[in-house]
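Structure, as structure tokens:
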Amino acid sequence: MEHIRTPKVENVRLIDRLTPRKSVVGTLYLSSTHTIFVENSDARRETWVLHSLVGSIERPPTTPSGSPLVIRCKNFQVYQLLLPQEKDCVDIQASLIRLSRPDRYGELFCFSFQPNVDKEEREKAWGFLDLHAEFSRMGIPSNLWHITPANHEYRVCDTYPSELFVPKSASPAVIVGSAKFRSRGRLPVLSYFHRDTSAAVCRSSQPLSGFSARSLEDEQMLQAIMKSNPASEYMYVVDTRPKLNAMANRAAGKGYENEDHYTNIKLHFIGIENIHVMRNSQQKITDVGDMRSPSMGDFLWGLENSGWLKHIKAVLDAGVFIVKAVAEEGVSVLVHCSDGWDRTAQACSVASVLLDPFYRTIRGLMVLIEKDWVSFGHKFSHRYSHLEGDPKEVSPVIDQFLECVWQLMEQFPCAFEFNERFLLQLHTHIHSCQYGNFIGNSQKERRDLRINERTHSVWPHLWENRAEYINPLYRADHSQSKGILRPVTTPYCFKFWKGMYSPAERGVALRQSPSDSLNAVREESQQLEEELSAHQEVPRETDAGQAPN
Amino acid sequence: MEFAELIKTPRVDGVVLHRPFLPTVEGTLCLTGHHLILSSRQDNTEELWLLHSNIDAIEKRFIGSLGTIIVKCKDLRIIQLDIPGMEECLNIASSIEALSTLDSVSLMYPFFYRPMFEVIEDGWHLFSPEEAFKDLESMTDEWRLSEVNKDFTVCPSYPSLVTVPKDIDDDTLCKAAAFRHGGRFPVLSYYHKKNGMVMMRAGQPLTGTNGRRCKEDEKLINATLRAGKRGYIIDTRTIAVAQQAKARGGGFEQEANYPQWRRIHKAIERSNILQESLIKLVEACNDQSNSMDRWLSKLEASNWQSHVKEILTTACLAAQCIDRSGASVLVHGTEGTDSTLQVTSLAQIILEPACRTIRGFQALVEREWLQAGHPFQQRCAQSAYSNGKPRSEAPVFLLFLDCVWQILRQFPCSFQFNEHFLITLFEHAYASQFGTFLGNSAAESRVKLKLSRKTVSLWSWVNRPQELERFVNPLYEPNSLVIWPSVAPQSLLLWEGVFLRWNRSTKFLDEAYEEMVHIIEYNKELQNKVNSLRRQLAQLETEDSPLQTP
């Protein structure tokens, strides 16, 4: 509480950015976790903004009507306030800056968030998703793939999960040797196994090949992966970076696999840009979404200039390439970028969504995020600036994955069990720090923070509320829901994601959601079904009652 | 003239047809006076029946003696015909070219078409000005139906009956007509029942450079104002364009002469610019090799979406003046037959729930486009592929349909019709077996072409129950409110159903639509079952009650 200089300001105006005349006056409160605005009207409507969701707080120059304060959230919601006194405005801004950017994990909201669940339930909640079960769903372990204890206590790689799936034929020496030849020890391991073709999607970081270095163990590791798919004679190494970037890394003793040293590999570059390019691009697309009454030309120019859709297309194309290799050619793929925790996570998880209908269900998408992102050390706290830190580490990596899923939903409206709201909710939770799932940058870090004991898991919470996230058009037995998705990635298939980048506009332009009204119809149908079956039981009961006569 | 003279080679065997999303077909190509037909004589393949009038442009290519004709249609589809034999190919090409560019309206297919269905309700008699006036009479007695234009001499592009203020006599109308472009004196377009405000439309006033005025014109439009109230004149042109119009005898209402009116200028483009925009947009959509940057920059450069936004914005403005500011509105551009009609008809979609029904929308198209003298024949003579010098072609009506589609997207439950209905209207405006969109005005279609006697109305066909079914929006729930669309670029989309229709398969979207229909149908089915059970139960209870006491 020491950061709160002014806990309460009266006669504050909350500006409706689309229709200013709908603005309301009320009281602004600062708590240790939220900014709360309570309307003066009879309804006393409340607006709560979590501090950890606040991205930036601007204070435009004071005007005769008051001191404005603009709160921009990480989920792109914007709140515009007008305070009567400049001094209060300065105080609130200073407090919010401090409160929204804690410098220790302990200050994050998840450590103080106490929903009404007991200890036992909390523990159970952390077991809600089971990655073991997920791998066995894929048919792993098998006679060719098994779990290795090599990373027990994170000995080989401290950003990987402790349990890794590798080819049975890879000896411990090969595993350790391969890890030594990869950036941060992130050796090639299994991410997804495609049962139909026995082809695997593996992931790693870049090899430390420089201009001439090689590692027999690493070469053997790739050989082992290729051999674990008995039908194939070669495998792909998908380097998701632009080739130029990959080449530049060689000067730093890193780079990509030399095709002369690795037998039977085919190297393929995808050209997804790095986190810095993506950060700038998202800033631009956010500005585009936030433009006040732009002309159509301004908007389309901004969209093009941001480069955002081009990047989304690159990520989706990476997934499409992997799917083609795995499902059509039946060839295993090793995916990497530089560190193997950003672009690699994107490419692997997009490919998984295309390959496997399970990942298009509510539970499946949770499992996928838990597996490819959380367990494999995607640096959530760095990328989504949970703490005050290096702004150059921030980048919308998972945003792009969620957007790829959204773009796919637009092309395949019946193929996904969840709706747009689910994606937006996931995005908010990834940034909000209300639950412990996305805190820290690796499994090890979360273990050290004792996340399981001190915070709650978001997955059961989302699951309980799944009725809100249901896509009414989804049917598991629909031909569109089954099998592999083959999206078209011609530029005109990509749309501006209004729900994400123009949240205000979304509310205005879609006052009628077909999805919601269809859900209501379905609910009614369900009740009618129940009533029908109840009615149909009645005559039988009467019959039974009359039988003795 | 005999069609046979134009058909140099009536049939060629061994022609291979390529078209979007369908397997190639080999068969016999036949040319008739109105159709290009390709038949494989096999039961399981779909034949091609293409109206010559649907052909926008053709291209020929030769590899050895194998000729290829690329046929580009007005509905934006592109098909390819591989024709063995150079001479046959050249003959076919020149015949198609001649048959698809016939100048004489009376040679068009609608005059030869005999319906294969029984006309139950004749579309030609569904929407007369008299009928519309009856509706109006039930709401107000301030208007009258004038016959001043009964022989189309006062205004050649108006219908014979127009609705004007009751207190204005025909003499005044004639004088006002002389002061308006094309004789298009201000007439009633829409009466807003909620507050009695009205929307009128006209041609531009002929003020010229020396600021001519016309007392009768002023009197006419002032007669629509309530005492002490002001009205709005929405000029669809920018002030600069309106100024320039003075040099050619046109102009705009001077404040001094119309003190009770506030004039607002908007910026809806003229027809030749719209045509250029369509050509650029379709070119961008058809180029699959575009990178993302190039696609977005071409989309922007086409300006199509800007036109959609500007038209919708102007329509919202007109609707706002009427509904929110409680003021009457006069809309005009230059001729009053293009942008004016876009604005007045869209404003009615926003304000009037009846216009969002299938029948109401037909009435709107009849009233605000066909009878209001939009020159369909001229505007829809060519579409996006025409390489000839554009004369007066322009996608004015297509832009209107696009705007309706945008509102439909934003209010998916408020329209009784679906996207398919709008696409069908687009197709028929450009090429049709029906006579509805022939001619350029009521005078032409009634007096000269006698369409209602010689052709079948599109509405006669559309309103058959088996056709209607395809046009009904399953989500429709009547909404009596004014619907305000968002005109922010973030909320306006490219109309894929028209512009990407032949470039990407809609299989998955169609499946989604079917699923939606299924959910709603199933619900109805259940409701019926439950209701009948409830009735049975109630009946049983009354019958059983005496038995319950032993």
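Here the Cβ of each residue, glycine as well, is placed from N, Cα and C on the backbone.
Note: TrEMBL annotation is automatic and uncurated.
According to TrEMBL:
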{"type": "ACT_SITE", "residues": "A:Cys337", "note": "active site, phosphocysteine intermediate"}
{"type": "BINDING", "residues": "A:Asn274, A:Ile275, A:Cys337, A:Ser338, A:Asp339, A:Gly340, A:Trp341, A:Asp342, A:Arg343", "note": "substrate binding site"}
{"type": "COMPBIAS", "residues": "A:532-543", "note": "compositional bias 'Basic and acidic residues'"}
{"type": "DOMAIN", "residues": "A:125-501", "note": "domain 'Myotubularin phosphatase'"}
{"type": "REGION", "residues": "A:512-549", "note": "region 'Disordered'"}
Note = Cα of A:Cys337 (active site, phosphocysteine intermediate) to Cα of A:Asn274 (substrate binding site), in Å and rounded, measures 9
Ask   = Which ones in the same chain are close to A:Trp341 (substrate binding site), with CB under 8 Å and 6+ residues apart in sequence?
value = A:Thr159, A:Arg186, A:Ser205, A:Phe376, A:Gly377, A:His378, A:Lys379
Request  = Ten-angstrom check, please: count other Cβ atoms within 10 Å of the Cβ of A:Arg343 (substrate binding site), all chains counted.
outcome  = 29
Ask   = Which residues in the same chain, at least 6 apart in sequence, have a Cβ under 8 Å from the Cβ of A:Asn274 (substrate binding site)?
value = A:Arg241, A:Asn245, A:Ser338
Note = Cβ contacts within 10 Å for the residue listed as 'active site, phosphocysteine intermediate', all chains included, total 29
Residues within 8 Å of the A:Asn274, A:Ile275, A:Cys337, A:Ser338, A:Asp339, A:Gly340, A:Trp341, A:Asp342, A:Arg343 Cβ centre (excluding the substrate site residues themselves) = A:Ser205, A:Thr240, A:Arg241, A:Thr344
Ask   = In this predicted model, what is the average pLDDT of the domain 'Myotubularin phosphatase' (A:125-501)?
value = 96
Query = What does DSSP assign A:Arg343 (substrate binding site), in three states?
reply = helix
Task = Over all pairs in A:Asn274, A:Ile275, A:Cys337, A:Ser338, A:Asp339, A:Gly340, A:Trp341, A:Asp342, A:Arg343, the listed substrate binding residues, work out the largest Cα-Cα distance in Å.
result = 12
Task = Show which residues of the chain containing A:Asp339 (substrate binding site), separated from it by at least 6 in sequence, have their CB under 8 Å from its CB.
result = A:Ser183, A:Arg184, A:Arg186, A:Ser205, A:Gln206
